[in-house]
Structures are given as C-alpha cells and as structure tokens.
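**Q** What Swiss-Prot records for ASP52, ALA53, ASN124, GLU125, ARG151, ASP153, THR164, ALA165, TYR166, ASN167, LYS168, SER169, ALA188 is NAD(+) binding site. Here Swiss-Prot flags ASP52 as active site, proton acceptor, drawing on sequence analysis.
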Amino acid sequence: MADRRNLFFFYGDDKAKLVEKMKPIYRILEENGFTILDHPKNANAIVSVGDDATFLQAVRKTGFREDCLYAGISTKDEISFYCDFHIDHVDTALQEITKNEIEVRKYPTIEVDVDGSTSFHCLNEFSLRSSIIKTFVVDVHVDDLYFETFRGDGLVVSTPTGSTAYNKSLRGAVVDPLIPCFQVSELASLNNNTYRTLGSPFILNHERTLTLKLRPDGNDYPVIGMDNEALSIKQVEKAVVRLSDKQIKTVKLKNNSFWEKVQRTFL
C-alpha cells in the first residue's frame with residue numbers, strides 16, 4: 001500500500017464525528033506522503049471507516065473497482081472480517097504499512113443478472129426472498145440441469161467471504177476464501193410428503209451457473225438483496241448467478257488471516 005498514495009475515505013454513520021476524530025490521522029498520513037481526496041475517482045486506495053457494513057457500502061458505492069486497494073478501519077470494539085485496522089490504533093497500522101507488515105488479499109464476487117436487464121455484483125451475498133406472506137416458489141437450475149423446485153421463504157447465494165455472514169446464520173458452511181466457489185442456502189424451505197427440496201446448503205464451483213426461475217403465482221415481486229442493500233424491481237422472472245472474474249483487492253495484516261478472524265469471532 002506504500003505506493004498507493006491517493007486515499008479516499010468512505011464513512012458510514014456519524015460521519016462528522018468520525019471525520020473530526022480522523023483529522024490527526026489525516027495529518028500523519030499527509031506527513032508521510034499520502035494525499036487525502038474528496039472524491040474516489042482519482043483514488044488508488046479506498047478506506048472505509050465504520051464496520052463491515054460500511055466496508056460493503058464503500059465497495060458498492062465506488063463501483064467494485066479492481067484498480068484500487070480497499071481497506072477497512074473499525075470504529076467498533078474490535079476489528080472485524082473486512083476491517084483489519086482500528087480507529088484508535090491507525091498510527092500503529094501506518095507503521096505496519098511502512099514496514100511491509102501487510103498483505104493484499106483478493107476476494108471473489110458474484111455477478112447477478114436479473115431478466116437480462118439489470119446486473120450487479122455482490123461481495124457477501126445475493127438474496128431472493130418473498131415480499132408477501134406466501135410460499136415462494138422457484139425452479140432451481142444448475143447449468144442446464146433442472147435441479148429442484150424450491151418452496152419456502154427464499155434463497156441466499158453467498159461468496160466464500162460472505163459465508164460467515166447471512167449464510168452462516170442459515171447453517172451454511174464457512175468456506176475458505178481461497179476456494180473459487182459460491183454457496184446456495186435455503187430460507188425456511190417447505191419439506192413434506194408432497195414437496196421436497198435438497199434441505200441443505202450446496203456449493204458450486206467457479207465454472208457453474210445458477211439460474212433461479214420464479215413461478216408466476218402472485219409472488220413475482222420479490223425482495224432482492226445485494227449485500228446489505230435492497231433492489232427494487234417490480235416484476236422478476238429469473239435471476240442468473242455466476243462467480244465473477246471481478247475480484248476485490250483488500251489490505252490485511254499478515255498476522256490476521258481469515259481463519260484467525262473466524263476463530264476470534266465465533267469461538
């Protein structure tokens with residue numbers, strides 16, 4: 001990151017308060033040859049200040065840029081999955097950066113195409129959920145294979161890094177982010193003598209395509225989740241999901257691996 005000198009800071013809640021707290025850090029950065037920008041266009045490093053939700057917003061609002069490094073500064077009690085640095089210890093982090101004690105990790109994203117007219121990327125997960133109190137019916141296809149008809153509240157498709165988020169609360173597997181794949185998990189599936197789904201999460205490799213075709217039974221106005229944002233589309237017939245070639249480059253400490261974060265968060 002030492003050669004990435006043009007920084008843009010993205011803030012979540014309490015921006016004015018956090019900017020004031022970051023001013024001494026700005027001075028230290030400028031004294032060390034960094035430039036603080038007011039707009040991300042010319043930045044080659046984008047720093048989110050907040051929590052993991054802020055980091056997801058920073059990536060989305062700046063267009064999932066592959067020519068930038070992304071870094072997260074936590075304002076909470078401790079560092080998190082996307083935030084390797086803490087706002088109270090940024091000066092220490094700067095020393096680690098100058099001593100080359102950091103690594104750049106590439107995180108995969110998924111690409112979603114809705115009805116051939118709307119497409120977007122997700123760093124954590126894509127979710128498709130019922131917007132009314134009625135069973136959601138979706139025909140699930142893997143590549144050209146009709147796999148199953150899902151009935152329930154919805155489906156969540158997660159990346160490896162997103163496997164520790166919404167997916168984990170659905171009893172999905174935690175997946176090493178070095179494995180190029182994506183995972184499909186169910187939301188309250190309906191399983192009885194008449195209707196049957198796989199009943200468990202399943203993982204697809206990077207060459208697979210997942211197609212979700214909605215049955216037109218009055219529930220074709222779903223809630224579409226893009227990480228921590230909702231997309232409003234009046235009518236949806238199908239969504240096609242693939243692992244994207246687009247990867248997000250993030251800055252992490254050498255002594256703070258993905259599995260160390262998992263251990264610290266859940267064990």
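A Cβ is built for glycine as well, from the same backbone N, Cα and C atoms used for every other residue.
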**Q** Check each residue in the chain of ASP52 (NAD(+) binding site) that is at least six apart in sequence and keep those whose C-beta is under 8 Å from its C-beta; list them in sequence order.
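**A** Counting only residues 6 or more apart in sequence, the Cβ neighbours of ASP52 (NAD(+) binding site) under 8 Å are GLY72, SER80, PHE81, TYR82, CYS83.
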**Q** Taking the Cβ of ARG151 (NAD(+) binding site) as reference, which residues of that chain separated by at least 6 in sequence fall under 8 Å from it?
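**A** In sequence order, the residues whose Cβ lies under 8 Å from that of ARG151 (NAD(+) binding site) (at least 6 apart) are THR135, PHE136, VAL137, SER189, LEU190, TYR195, THR197.
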**Q** According to DSSP, which kind of secondary structure is ASN124 (NAD(+) binding site) found in, if we only use helix, strand and coil?
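**A** In the DSSP reduction, ASN124 (NAD(+) binding site) maps to coil.
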**Q** If you count the C-beta atoms lying within 10 Å of each candidate's C-beta, which of the binding-site residues ASN124, THR164 ends up with the smallest number?
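**A** Each of the binding-site residues ASN124, THR164 was scored by Cβ atoms within 10 Å; lowest is THR164.
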**Q** Could you check what DSSP calls ARG151 (NAD(+) binding site) once collapsed to helix, strand or coil?
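**A** Once the DSSP labels are grouped into three classes, ARG151 (NAD(+) binding site) ends up as strand.
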**Q** Are there any residues in the same chain, six or more apart in sequence, whose C-beta is under 8 angstroms from the C-beta of ALA188 (NAD(+) binding site), and if so which?
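**A** Result: GLY152, ASP153, GLY154.
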**Q** Sequence gap of 6 or more, Cβ distance under 8 Å: name the residues on the same chain that satisfy this around LYS168 (NAD(+) binding site), in order along the sequence.
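**A** In sequence order, the residues whose Cβ lies under 8 Å from that of LYS168 (NAD(+) binding site) (at least 6 apart) are VAL174.
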**Q** Should ALA188 (NAD(+) binding site) be counted as helix, strand, or coil on the basis of DSSP?
**A** coil
